[in-house]
Amino acid sequence: MQVYLVGGAVRDHLLGHPYHEKDYVVVGASPQQLLDQGFSPVGKDFPVFLHPKTKEEYALARTERKSGIGYHGFNFFTDPDVSLEDDLIRRDLTINAMAMDQDGNVYDPYGGQKDLEQRILRHVSDAFIEDPLRVLRVARFAARYARYGFKIADETLLLMQSITQTGELESLTAERVWKETSRALMEDQADIYFDVLRQCHALKVLFPEIDALFGVPQRPEYHPEIDCGIHTLMSLRQACKSNYSLDVRYAVLVHDLGKALTPKDILPRHIMHEERGLIPVEELSNRLKIPTQMKQLALAVCKEHLKCHQAMSLKPGTLWRLLQRLDVLRRPERVEAFINACECDARGRLGLENRDYPQAAFMFKAMQVVRSIKAQDLPAYIQGSEIGEKLIQYRIDALAELKKQYDDSLATE
């Protein structure tokens, strides 16, 4: 029985990239042998076991044969005679098809180290085309390793396009698509994930609302990058640079979906695109089955982002109603996320990536001001239903004073 470290841990070890999970493959053993050593079985479709002490996963070497549609459509075969090479050839990319023994010796039958050195994401074999999930995985790897200069091999991209053409992407469950996409969104260049999906025509299948943005023009005086799709990915890159949460990144990704629905006769203007975007944001979010809180933020950013850009010129009452719609008193963290997403939108423009966004500081201050005014601060003679009315008025008055301070400071600059 031989045990090898495999997959991502070997890849990232050789690359010098941090990793946390370790997976092992066991060659020349039977399930009973592992059970006798105290391993716990956890695999449903094939023999995977947890180490009795470390709880790391150990899988028996196996082969697979396609038997149906989708990433579940495989029959697996495991036997003590299955070799390490047989196990590694079923993997997606050469850089994931390496193994390391307990002495640190690397086994690389399919050229993974060379592709690692040349910064290439290349499929191991033509069996790559049998699993539609690999389109998403390779796109995610492209986003993760872009910092090192990795590119997808031309022949691999062609196979990804072929998978799209088979229609098997539609067999992927919403949960699986979101699992891969949410992980990709948290990479430091998440925009590359969506760019790769577009290159292999998968974006139109899985995210048609986002794909529809490409080729839609915007007014160049506001958006020098012109293309709505490019603006969306530039905005997402800003969210990644600021290391914002998944909620913010998703909201940024979908904030302009309404621009794909703008009547052609008014282009490149996008009047009311915030309202038009609500239905596609709702539909995409429901289809992906994303968490409710994340969807609510995305809808708020879609509907209100122009108000945030205009915050310093809004009337105090209008600003209060905006903060109220954002649930400022109960959910200040959502208002903070909203402001961050709007800032990414403002900076996701060609040549304006580092431009100041004073609206953010103003909105944060406005949030603090209204939250600082509480019922116990009101005069004692104010009672009953009048308390709510007076609280609103006090908050609006405080916002008016804040706006005056900002206006005065701008006038003296």
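Just so you know, glycine gets a Cβ as well, placed from its N, Cα and C.
In this structure, Arg11 (ATP binding site) is part of a helix by DSSP. Among the features that Swiss-Prot reports, ATP binding site is placed at Gly8, Arg11, Arg91, Arg137, Arg140, with the record citing sequence analysis.
Taken from Swiss-Prot, the feature CTP binding site covers Gly8, Arg11, Arg91, Arg137, Arg140. Long-range Cβ neighbours of Arg137 (ATP binding site) (same chain, at least 6 residues apart, Cβ-Cβ under 8 Å): Asp92, Glu180.
Look at Swiss-Prot and you will find Glu21, Asp23 tagged as Mg(2+) binding site, backed by sequence analysis. Long-range Cβ proximity for Glu21 (Mg(2+) binding site), meaning a same-chain Cβ under 8 A and a gap of 6 or more residues, is found for Gly8, Ala9, Glu56. DSSP assigns Glu21 (Mg(2+) binding site) to coil, not to a helix or a strand.
What Swiss-Prot records for 228-329 is domain 'HD'.
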| said: Given a separation of at least six residues and a C-beta threshold under 8 Å, show me what packs close to Arg11 (ATP binding site) in the same chain. | reply: His17, Ile95, Asn96, Met98, Gly112, Leu116
| How many whole Å apart are the CA atoms of Asp23 (Mg(2+) binding site) and Arg91 (ATP binding site)? | 13
| task | Check each residue in the chain of Arg91 (ATP binding site) that is at least six apart in sequence and keep those whose C-beta is under 8 Å from its C-beta; list them in sequence order. | result | Gly7, Ala97, Val124
| said: My understanding is the cutoff is Cβ-Cβ under 8 Å with a sequence separation of 6 or more in the same chain; which residues meet that for Arg140 (ATP binding site)? | reply: Glu180, Arg183, Ala184, Glu187, Tyr193
| query | Considering all pairs of residues in Gly8, Arg11, Arg91, Arg137, Arg140, annotated in the record as contacting CTP, what is the maximal C-alpha distance expressed in whole angstrom? | reply | 16
